[in-house]
Structures are given as C-alpha cells and as structure tokens.
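**Student:** Would you mind keeping the following structure in view while I ask a few things?
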Amino acid sequence: AGFGAGLGLALASSAFIGGSFVLKKKGLLRLCGRARAGQGGHAYLREWLWWAGLLCMGVGEAANFAAYAFAPATLVTPLGALSVLVSAVLSSIFLNEQLNVHGKIGCILSILGSTVMVIHAPQEEEVSSLESMAEKLKDPGFIVFAVCVLVSSLLLIFVAGPRYGQSNVLVYVLVCSAIGSLSVSCVKGLGIALKELFSGKPVLKEPLGWVLLVCLAICISIQINYLNKALDIFSTSVVTPIYYVLFTTAVMMCSAILFKEWQHMVLDNIIGSISGFLTIVSGIFLLHAFRDMPFTPSLLPLFLQPGRAQPHPPWSSADRHQSCQHQPLLPSEDKGSQSEEEEE
C-alpha cells in the first residue's frame, strides 16, 4: 500500500509540474501591449493563468516531497522526468508548439540519461538532526561550492544576461538550475526541522531553521523570476527539458558535496554515472542544435518515402532486363540471321 501511494504521488507530481509550465506560458502570452517578463516586467502577476500554473507547480512539488516518504528515491526521482513529456504533449495541444523528430529523440535521451544517473547514484549520508545539518553546512567543500554558485549566478544575471539572455536559452536556465541546487538543500534542512518539531523538540528556538527558511524564500523568488524570462523568450518544449537536465545535475552535485555521496562508489556506479551524463549531453545537442530544422518525408531514404516508386524493379518481375553477363556475344544482324535459319 505504501509503495502504491508513493508511485501515485510521484506520477501526480509529474502531471502537475508538466502542466504548470504550459499554464504559465499561456499566461505570459496573454500580456499583449504590457511589459513582458523577457524585458524585465512583472505584469504576469496580474494573470490568473500564471497563478494557476504557480499553484500547480506548488502542488506538484508538495506531492513529490511526500512521495519520498512512501517510495524509494530511485523510483521517485526518475519519475520526475515524466513532467518533460507531459509539458511537451500539452504544449503541442494548447500552445501549437511543434517538436520535430530530433527534438523528440533529444527529450528521450535526456530522460534516459537522467534516469541512469539517478539509478547509479550512491545513497546520501544520513542526517537526522539540525545539529548534524549545521556541521554539514560548515564543511569547506560545501562553502566553496556555494560561493561558486553565487558568483556564477551574479555573473550570469548582470554580465551575460543583458548581452546574451535574449538569444541563448542557457543563460537564464543556468541561473535557475544553480540557485535551485541551494534551494533543495534548504528544503532538506527544513524537512529535518519539521521532523524534530513533530517529535516535540524545541526547533523554533534554533536559528538555523529560520535561516534556511529565509534562504529558501530568496532562492525560490530568483528561480521563478528567471524561469519566467526563459519561458517568455523561448519555446516551452526547449526550456523544459534543458531546465530539468541542468537542475537535476546541479542538485546531484550539491548533494554529493554536502552529504558525501561519492565516497564509496563502486565501478559499475561510476560507469553508469558517466554513461548517463554523456547521454544527457547527446540529448541536449539534438534538442538544441536541430530544433529549427523541419523534418519532411523527402528527407527519408527512397525506400521509406510513401508513394515513391522503387528505384530498381524487383528481380522477380517477368519483364526485368537481363544483365550484361547474359547478353549474346553475336551482333544484332547475326542474331537476326541466326533466327531465320532456325525458322527454316
């Protein structure tokens, strides 16, 4: 019963999160004549469709958080990739966004690569209290990682954003993914605080819980702002898979540094992680490099094109031509005279 509940929550989470991208994109498209999110405007806050998308995303994230209490992480996390498929299907229905064959193959490869990486990832180290979480946050490796994330995000926002934000989808998506890795760490810390609160411990007096709550609010605000800019400028079918892949990779890196997940990896997990990462890179290349290339039946080989005659007649037909090896050696005049002699 618990496994079925976890599976159902994970599937519901993917459906809500995938639909939230389409609802928010639909709300952004209704901003006719008003300051759009791509130009730094916030008129989308007055659209009920955008708020409906935000509510769907909140419900999906809550369902995803609850699914970890019933089902193993190796089941729940890969199922989050289904939100990419949900978003692509709904975008083609409600937003008229076409995804060619290369994009579909890229989405599939990205999902498969992410799934392989999650399956072969080692289990995180147990953290059962806020005291142990505070010790993890003081680790020099995590401090260096957090500083790198903050510095790179500031460079992307203030340097790369004004120059390349309107033409390169990776600028704003990288900001969301990098900041999102820190938000997931805050969520895990708050989850530990809630467990201690329900067990009767005086968690409200601990300053770490409030610090994590404030950091989570700041990170989520930055993610929402720059994800809206990416969705307003680029196609949903392009933003969603790239955001999922980069966000998953950033979260796994942050968890590996914070919880020391990679210290006891065996060889098959190392090979699986590398293979999954290379598969993700291949999927992103197919999705991003060929997204504007039309795919028509004329690009198929001749024997696969519908309605085209075969380039060579079949060997079994009665009127096939004889090959040069079976032609008579005599000239045509000799052949004619030879046939007359045979008739006589």
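Glycine too: its Cβ is placed from the backbone N, Cα and C atoms.
On a predicted model such as this, the values are computed, not experimentally measured, just so you know.
Below are the features listed in TrEMBL for this protein:
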TRANSMEM  6-23  transmembrane segment
TRANSMEM  48-70  transmembrane segment
TRANSMEM  76-95  transmembrane segment
TRANSMEM  102-121  transmembrane segment
TRANSMEM  141-162  transmembrane segment
TRANSMEM  169-193  transmembrane segment
TRANSMEM  208-226  transmembrane segment
TRANSMEM  238-258  transmembrane segment
TRANSMEM  270-290  transmembrane segment
REGION    310-344  region 'Disordered'
**Student:** Answer with yes or no whether the transmembrane segment (169-193) touches the transmembrane segment (208-226) by the criterion of at least three Cβ pairs under 8 A, sequence separation 6 or more.
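**Tutor:** The transmembrane segment (169-193) and the transmembrane segment (208-226): touching, yes.
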**Student:** Same chain only, please: residues at least 6 beyond the ends of the transmembrane segment (270-290) with a C-beta under 8 Å from a C-beta of the stretch. Say none if there are none.
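**Tutor:** Counting only partners 6 or more residues beyond its ends, the transmembrane segment (270-290) has Cβ contacts under 8 Å with 100, 102-103, 105-121, 169, 238, 241-242, 245, 249.
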